[in-house]
Each structure stands twice: as C-alpha cells, then as structure tokens.
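What follows is a set of notes on a single structure, which appears directly below.
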C-alpha cells in the first residue's frame, strides 16, 4: 500500500522556531501518516531535542523521532535548550540549507512534493540569502519563470474550498500600481486556469478578479487602472469565465457565506487578488489555522502553512499544527491528482 503513496519532503523550517514542534505534532496524526511517505529534511538532533523538551513540558501528541525518516539537511545546526525561540544567523542558514536540499532531491525525482515549515526572512538576509521568501528560492532553483502563490483552505463548516491567487506578493503597497500590468495579470490568469485544470480537475473555471481601487475605481473617479485596461482585459480573456473587476470590499461576501454554509451564494472556483493584503486578510480571517500556501508553476508540488516561525511560542508545547497538517494533506492529494493528470495526457498522445 505504501508504494502507492506519494513521496513528500517535509522541511523543518527555522529550527529555533515552532517548525520542529509542529512537524512532530503533524506526524503524530493518523490521517497524515496514512496520506504519504514523508521524509523530514533537517537535523535528527533537532527533532530529538524538541521531542525531549516538549515531553518534559507535558506534551503527548508527538511523533517519536526514532520512527521518522530524516534526510540530514547538511547545515550542522545543533539545537540546545538555550537556542529554542532565539532565531539567529545559524538557524536562518540552517533553514535555507533544508529547503535547498529538499529542492535538489525533488528535482532528482526523489520526492513528488515539498512541504515547508516556516522560516524567518530577515534571518535569511542576515545569513547572506537575500530572497523575499521560500517561494522565490523554489522558483529560481527549479528554473520556473512563471509561478504564483495560491492560498487554499477547506471549510470545516460547509466543506467548500476557497482558492485565492495573488497577482503581486511581497512588495511595498506603493509599488503595486507600478508592478501591475496587463501582461502580468494575463500571465497570472493563465497560470491559475492551467493549475485549476491540472491539479483540481476544474475544466471550465469561473474566476473572480478584484479591482485595484476602492469600488473598483468607480468609473475612473477613484482610480484609472480598471477603466484604462483591467476591465477590457478581463472582458476579452478567452480561457475562463471571468467576474470582475469587482469592488474589493464586497467581493469577499459570497466566499464568507459559502465558508460558513449560509445560503447558496454564487461563488467562483478561484479568486485573483491584486496585492498581498487584499487577498490574505480575508483568507486569514476565515481560515487562519487551515489555510495552505500552494506554489503554482513548479515542476513538483509545494505547500506550506500560512503562518510564521512564532519564536515567542517555540518550545512551550502550545503551537498549533493544524495548518501544517492541512499543507501535508493537500500536497499528498495534489501529488496524486497531478500524477493522474500526467498519465491521462500521455495516454491521449
């Protein structure tokens, strides 16, 4: 049976943060254990030290490190009790080494997907790795020029799944109008449509797109982008049914109703937000513990929990692993569906 399960790499993230704790908690979950063959990329000593510390503090919902397959990340990081919750240059460098190792092994075909625990971007920068985040490293090392961050969460209330793609990500708000172009939005729509078909089996998707300005520009009174190019681009886009540009404040009403199972609102298969907070504020309000970051456009599946390192919580036994569990389950599900889609395409040729 295990031979049929997808093989996933699970990085430890920053070893001084909550990454090791939520990895141990996630791997103790029977549903996670049954969904994939999981190899942790990091230091076994970090897992063992975290396990001992948390057991001393009364935690019981932990996987035993002795039974966890580990691929040593090559950083040589050693976790002492005094380093827990105190991220530094060494822990930042270690988290980068774990990710790099996982990517290299995935490109060699050893893993069908990567699940990444949280890292601290500022510690990467201090360690000499000036990347905006893990997504950009994944794209560069895999040679992926067109990629995107899709946030996915399934409602525990209704079973409905929200999918939100960001057109722009980690840039200052002042740069958003300068970065948004017809070419960029069209490329993001193409990426989203292709991914909905390949990964989620949605052949004819409906996509809702937010406007950039309040009230989607109010016919040019509150901003020109919608009037001068965005509305026309969406009207003529040929590969999916598009709703928009929609007023950003009211676009999220129907998804919220669907999330909580209120009535039968008209919802899209996916939503395109034009900048970071426009998409992630509603996602985190609805699904902070369940949202998963799915990177589109890579040659393998990559997911991550939608939260940070939480150094202030590390080692206390209180970190919640639900988002990481959801990231693992989604990676396993999509690895299987992606493989099935590839086999179907090959059979048609």
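Counting begins at 1 with the first residue displayed.
Any Cβ shown, glycine's included, is placed from N, Cα and C.
Using a 10 Å radius centred on the Cβ of residue 284 (substrate binding site) and all shown protein chains, the other Cβ atoms total 16. Residue 284 (substrate binding site) carries a helical DSSP state (H, G or I). Taken from Swiss-Prot, the feature substrate binding site applies to 135, 284, 293, 302.
Taken from Swiss-Prot, the feature divalent metal cation binding site covers 170, 215, 276. For residue 170 (divalent metal cation binding site), the Cβ neighbour count at a 10 Å cut-off comes to 13, with all displayed protein chains included. In the three-state DSSP scheme, residue 170 (divalent metal cation binding site) falls into the coil class.
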Residue 284 (substrate binding site) to residue 276 (divalent metal cation binding site) - Cα separation in whole Å: 12
Largest separation between Cα atoms (Å) of residues that the record links to substrate, namely 135, 284, 293, 302: 20
